[in-house]
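K.L.:
Quick one: this structure, given as C-alpha cells, is what I'll be asking you about.
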C-alpha cells in the first residue's frame, strides 16, 4: 500500500492541509527578509573623505562646504567627488581653475569618511567604515550568513530525518530568533558576522522543514499548489520587506523588525502536525495513526478512521527496515541515487546563484533601491502563477529547463546593453529575476518529489546546502566588476546555461506518487 492511498481515504487536501500551509506561510514570511537583509543593512551611502581636521582656523575655515570639497578631494571622470582619496594638501588654486589638476598628489582618506544619511540613518557600512579597501568585508557579511545557512541546511536536514520534522522546526524558530536579536546589538564587526553566521545556520531549518512537511501531507494532485503557495510566501515577504526597509532606516532596528514575525510562528507551532510519512517510515505507527485520525476528523472524513489501523500503516514501507537510521551517505550508496544527488546539487547551486546574483544587484542599475527591491519581488507573482499552470501542462523538468534558459538570455542581453541605459537594463534584469524565481519555485517542489521519504529531509538538506553555497558565492561574483564591468553578468549567464543542461538530465515526476524508499528510486528512475 502507498501512503497516497491513505491520503485519498481521508482527503489529501482539506482543512487539515490548509492549516499546515497557513502555519508554514507565517513561519516562512521572515526568511526572505533575512536573506535579502544585506541589500539594506550593508548598503553603501554616498561618502567622501572626512576633511574636517583640515580646518585650522585659516583660509579653510572661511570656505563654504562645496569649496572645501573642491580644494580637498579630486573629482572623478563622472564629475563626482572621489569616495576613497583626497589631495595630500588643500589645493586652493582649484577655486580659480578647477580643471588644473595635473601632477597633484592624492592619498587615501586620512581621517575616516563622511556619509550621506539622507537615505539610511545607519548601516553596517557607516558603522564600521566598510568602504574602499574594506569593501570586501561589506560583501563578506552576506557570504558568511549564507555559509551558515549552507551548514545549517546539512545539519537540520539530517536532524529532522532522525528526530522528526516538527521538533526541529521549533528548534529553528527559537534559536534563529535568539541569534538574530543578538546580532542587532553587536558592538563590533567580528561579533556581528559571527552572530549572523549562527542566525543563518538556525533559520535555514524553517525553509527545508516546512517545505517538506507541507509536501508530505498532501495528495499528488495538490502538490504543485502547495509548492507554489510556499513559494509565494517568499514573494510576499520580499514585497513587504521593501516597505519595512523604507520605513526602518537604522540597521539595528531593521533586523529586529524583520525578526519579530517569528514570535507569531512560535505561537502557531503548537498546531503543526508531525509528518505521518516520516512517522510510518520510522516505525512510529501509533503516533502516525493519531495524526491521521486528526486529519480525517478535520477534513470531515471520519468514516475512514476505522481503516487507519497500525497493521495497515505497517504495509506502507515494506522493502526497508523501519528502524534503520538513514544518513547523507545513503544519497550516494546506490547508482541512481548518486546521479540524483549530483544533478540536483548542481542544479540548486546554479539556480540559487542566478536568483541571488540578480537580487543582490539592486543598486547596480542606478535606480531607487526600494522600488527595485519591490519590483524584483512583484515580478515573482506572475512568474509563479505561470508555473502553476505549466507544471501540469509541460511538466517539472521542462519548466525548469525553460526558465533557466530564459534567465540566461536576460543576463546575456544586459552584457551588451550600455550602462547608460539604466531603465532598460533594470527591466531586463526584472524579467531575468522572474525567470530565475520560476526556476527556484519549481525545483523546491520538484526535488521534494524526486527524493524518497526515508531520505527526503537529508536530500533537501543537501541540496539546500548546495543552494546556499551558490548564494554565498553570488556576492563575490558581483565583486568581479572591478576586473570588467560586465564580467559578473557573463559568469551568471554561463551558470544559467549549465543549470539548464543539468536539469534536462533529471526524470519527470508529474502525476507520480512520491517514492517511499531508496529501492523505489533504483527501480523507477
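Cβ atoms here come from the backbone N, Cα and C positions, even for glycine.
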K.L.:
Between 140-160, 266-286, 287-307, 308-328, which stretch does TrEMBL give the note transmembrane segment?
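P.N.:
Of the candidate stretches, TrEMBL labels 140-160 as transmembrane segment.
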K.L.:
Please compute the mean pLDDT of the model over the domain 'Major facilitator superfamily (MFS) profile' (91-511).
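P.N.:
Per the prediction, mean pLDDT sits at 85 for the domain 'Major facilitator superfamily (MFS) profile' (91-511).
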K.L.:
Would you call the transmembrane segment (398-417) and the transmembrane segment (340-358) in contact, using three or more Cβ pairs under 8 Å, pairs 6 or more apart in sequence?
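P.N.:
Between the transmembrane segment (398-417) and the transmembrane segment (340-358), contact is present.
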K.L.:
Going along the chain, which residues at least six beyond the ends of the transmembrane segment (370-391) come within the CB cut-off of under 8 Å?
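P.N.:
The answer is 32, 36, 39, 224-225, 227-228, 231-232, 234-235, 238-239, 241-243, 245-246, 358-359, 362-363, 398-399, 403, 426, 430-431, 433-435, 437-438, 441-442, 445, 510.
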K.L.:
Do any residues, 6 or more residues outside the transmembrane segment (486-503), come within under 8 Å Cβ-to-Cβ of it, and if so which ones?
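P.N.:
Apart from its flanks, the transmembrane segment (486-503) reaches 343, 346-347, 350-351, 353-354, 357-358, 361, 397, 400-401, 404-405, 407-408, 411-412, 414-415, 436, 439, 443, 477-478, 480.
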